[in-house]
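Colleague: Sharing a structure here in C-alpha cells format.
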Amino acid sequence: MVSPGLDLELSFSQALQGFGLSEQAARLLWLPLPMLLVLVAAVVGVLVSVWLERKISAAVQQRIGPEYAGALGVLQPLADGLKLLVKEDIIPARADSLLFTLGPVLVVIPVIISWLIIPFGQNLLISNVGVGIFLWIAFSSIQPIGLLMSGYASNNKYSLLGGLRAAAQSISYEIPLALAVLAIVMMSNSLSTVDIVGQQTGAGILSWNIWRQPVGFLIFWICALAECERLPFDLPEAEEELVAGYQTEYAGMKFALFYLAGYINLVLSAVLVSVLYLGGWGFPIPVEWLAGWLNQPIDAPVIQVITGSVGIVMTVLKAYLLVFVAILLRWTTPRVRIDQLLDLGWKFLLPLSLVNLLVTAALKLAFPVAFGG
C-alpha cells in the first residue's frame, strides 16, 4: 500500500473554502497557478543548471569559474539573465520580422508546457492527464518548426543551415525516442506519468525500469541529448562552422529565449528519465515504516507532507545527477559530423529501438508478472 499523496488542486480549493470562498471561486483562482508554478520551477531549474554548467566546465578546464557574483558565483546566472534583458533587440533589415519573432516563442513555449505532466510525487503534479506521455511527445514535435522558422526568417546563410540541421536532427532522434518510450508504456499499460512511476514502486530500487529496459534507457538518453542539442550533438549551432547557427542574428531577449529553452529542455529531459526509468519520487524507506515510527495512519496529513517532500527531493536529485552527466559530456567529448549524427539516428538507434520494442512485447507475453502483462 502506498500513500495517496497530495492533491494540489483539492488542497488549494479546501484551504480557500476555509476562508469563506465558494468552491467555484476557489477553482477560478486555481486556474492561473499551474502555469505560474511551472514557470517558477523551470526558471529555478535553469538557474541551477547554468551555475552547474559554469562550475563543472571550469573544473574540467582547471579553472575556478564564477566566484564574485554571490557566494561561489551562485548569482552569476541572474547576472547573465539581466545582461541579456537590457541588450538591444535587433531585427536584421531584410529578415521576416513576424517569423523572426515567432520562432523563439515556438521553441520555448512547448518546452515550458511539457512541465505540466511531470509528477514530483503521488498526485503531486499540476495536471494529471491520462495521456501525459502522448502530450509530451506532441509538444516536443513543435520545436523543430520554431527552429527552422528562426533560421529561415533571419535571411542569413549560416542561420538557414543551422535551422535545417536542427530540424533534421530533431526529426531523426524523435522517432527512436518515442519508440523507447512506447516500450515503457507497454510495460506500465498506461500513458500517465503517475502510473508509470507507480508501476516502479513494488520492490524499491529493483523495480525501476532501467533494469528491465537498459537498452531503452540508453536510447532515450542519447536521443534526449540530441534533442537538447548538447555536445557531442550540437551541430545546429557549431561555432566553427555556422557562427551560432539559427541563433546567429538574434540578440537580447529573443536570444535569451533560445538560451532558456535549451536549459529548460535539458532539465525536463533529465526529470523524464528519472520518472520513466529511475523510479521518480520513489525512495528506499517504505511509507508504512515511516507511518509506524511516527505512530500515524498512512493517510495522515503529516505523512502526506513528509512523503511529498521526500518525493520531490528524490526526483530532483536523480534529475540533477543526469544533468551533471550531460554537462560533463559536453565538456569532455568531441563533436560528431552531420553524416555521423544522421547515421547514428537512422541506421543504428531507429532499428535498435524497434528491436527493443519487439523484444519488450515478447517478454511481456512470456513473463507477464515481471513485464506488466
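If you go along the chain as it appears here, the first residue is 1 and each next one adds 1.
Placed from the backbone N, Cα and C atoms, the Cβ positions cover glycine too.
Okay, these came from Swiss-Prot:
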TRANSMEM  28-48  transmembrane segment
TRANSMEM  98-118  transmembrane segment
TRANSMEM  129-149  transmembrane segment
TRANSMEM  167-187  transmembrane segment
TRANSMEM  205-225  transmembrane segment
TRANSMEM  267-287  transmembrane segment
TRANSMEM  309-329  transmembrane segment
TRANSMEM  348-368  transmembrane segment
Colleague: Flag the pair the transmembrane segment (205-225) / the transmembrane segment (348-368) as in contact if three or more Cβ pairs fall under 8 Å (sequence separation 6 or more).
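Modeller: By the criterion, they touch.
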Colleague: Are there residues at least 6 beyond the ends of the transmembrane segment (267-287) whose Cβ is under 8 Å from a Cβ of it, and what are they?
Modeller: 1-3, 42, 45-46, 49, 111, 114-115, 118-122, 124, 136, 181, 184, 193, 196-197, 200-201, 204-205, 207-210, 213, 216-217, 220-221, 224-225, 227-228, 298, 303, 307, 310-312, 314-316, 318-320, 322-323, 326
Colleague: Please report, as numbers and ranges, the same-chain residues at least 6 past the borders of the transmembrane segment (129-149) whose CB is under 8 Å from any CB of it.
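Modeller: Distal contacts: 99, 102-107, 110-111, 113-114, 116-117, 163-164, 166-167, 170-171, 174, 178, 181, 185, 190-194, 196, 227, 236, 246, 261, 265, 272.
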